[in-house]
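Q: The following feature annotations were taken from TrEMBL:
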type	residues	note
DOMAIN	275-445	domain 'DNA primase large subunit C-terminal'
BINDING	CYS284, CYS364, CYS381, CYS421	[4Fe-4S] cluster binding site
REGION	459-500	region 'Disordered'
COMPBIAS	465-484	compositional bias 'Polar residues'
Amino acid sequence: MQDSKKKRKKLIGNFQNDLYDQCLQFYGQPPLENISLTEFETFAVERLKLLKTVENVGVSCGKSSEQYTKKLDAEISSLNFPHRGGISEYEKRRKDHISHFILRLAYCQTEDLRRWFIQQEMDLFRYRFNCLHSKHKTDFLHKNNLKYETVSAEEKKNLKDKLIASSYGLSGTKVEEHDVYKVPFQDALDLVRTRKVYLLAGNAYIPHHEIVTIVLNDFRTRLSKALAMTARSLPAVQSDERLQPLLSHLSHAYVGQDYSIQKNIGKISLEQIDALSGKSFPLCMRHLHKALRENHHLRHGGRMQYGLFLKGIGLTLEQALQFWRSEFVKGKVDADKFDKAYAYSVRHMFGKEGKRTDYTPYSCMKVILSNPPSQGDYHGCPFRHSDPELLKQKLQNYKVSPSGINQILELVKGMHYQLACQKYFELTHNVEDAGFSLNHPNQYFTESQKLLNGGRDIKKEVDMSQRSQENPASVTHPSQANSKQAHEEMGDLDSFFQDE
């Protein structure tokens, strides 16, 4: 028995040493070792933070810009992931390997999740591959059986003029100094389609700086197939009660500040809400506020989303009760019915009834991915759930410029809903760069007030957010037990908000 354990340990050690001898891989082999639930969750959350940065920076900076490189360098370094091929990066490479497979489990569940995961992993892979030295690129190709034929010096010399004429950014010096690869043209259709390569006798001649396109196609194909296989085996994984809550949480995880901790409590008066909704509310909350004022009622999904947001910006329990009561009695609900049917749910939301849980305002991912609105609902994310034409009309009504509307609609078309909201922030606040990555409606409000008021009254929240980023252990991501508890408790809260 002891010998069997030693053999397995030695086998895993040899497997890992071979797998982690390079800083980049295709993730073809799953990890074999045992890890703790704490490490499982930490690795997953930190990779998720990295992929969200890849998405945000890619759209805001452009993937070929110097700023893109600078920001990704900083994020990869701060989260301790492998980068430029250092020789003593075993733990970083182990973390990269394990965290990728954990997020596969979380992001294989729906087509939207798979599409998002593949795109961000491809962008991260492209960036890291381009950072490799020429020798390391060749080693990577050989290790993964991508044995593309290297064109000989004599053939390069004979084809030099044609290679330069057909390949963008290729000079005579680069042709002589760098490798050119010869691959079957069907493996390079993206490059052929954009006329970036020289074709001869069924082969495409790929300059060294374009080989990443071929490698990325291979990586995308492998990852897409792997996610499909993972999805088929997911029921077996979800039967493990330790992992199921974690995986469900990760697919729409929020990794920023905890807005259930109220630093502005009592600083907002009810008289300010109408004015604040026009200048500091994100579009989703502005939409809910407008619907409430016009209809004097919101269905349970809208009350949950908007009620928790108002709690997060500083409304006290007494203010919340007064706010909802005063609005509902203008409609079909009298004061007595409100006290019997709705007041309990408001107190429950503030942790004063039931399990006395301090409920957290919804993050952007939760708004986007859970409980889509139906007919008669006003909750959800306008950038995700609204018809593009209706969204355009809404933005026009809020005096967003035509060019700004086009920018927002392009982001929506690319399914970058949070970035579309961030662009809305920049346009409505007349700033070139928001200076933050938007992940939460309450973050939108905080940053708006910070900008409009010169940082007054919200400094404590800003400091706390910075501290969360500096200390990953303090970032909001519930443990396995807490994640399951949070799911049960939110379901419990939902039942109190149901309409009659």
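Each residue, glycine too, has its Cβ placed from N, Cα and C.
Bear in mind that TrEMBL entries carry predicted annotations, made automatically and left uncurated.
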Q: Below 8 Å Cβ to Cβ and six or more residues apart, same chain only. Which residues does that give for CYS284 ([4Fe-4S] cluster binding site)?
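A: In sequence order, GLN305, VAL367, HIS379, GLY380, CYS381, PRO382, CYS421, PRO441 meet the Cβ cut-off.
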Q: Inside 8 A of the center formed by the CB atoms of CYS284, CYS364, CYS381, CYS421, which other residues of the chain have their CB, for the recorded [4Fe-4S] cluster site?
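A: Surrounding the site, in chain order, are PRO282, LEU283, VAL367, ILE368, PRO382, PHE383, ARG384, TYR417, GLN418, PRO441.
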Q: Could you please provide the mean pLDDT value for the domain 'DNA primase large subunit C-terminal' (275-445)?
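A: When the pLDDT values over the domain 'DNA primase large subunit C-terminal' (275-445) are averaged, the result is 92.
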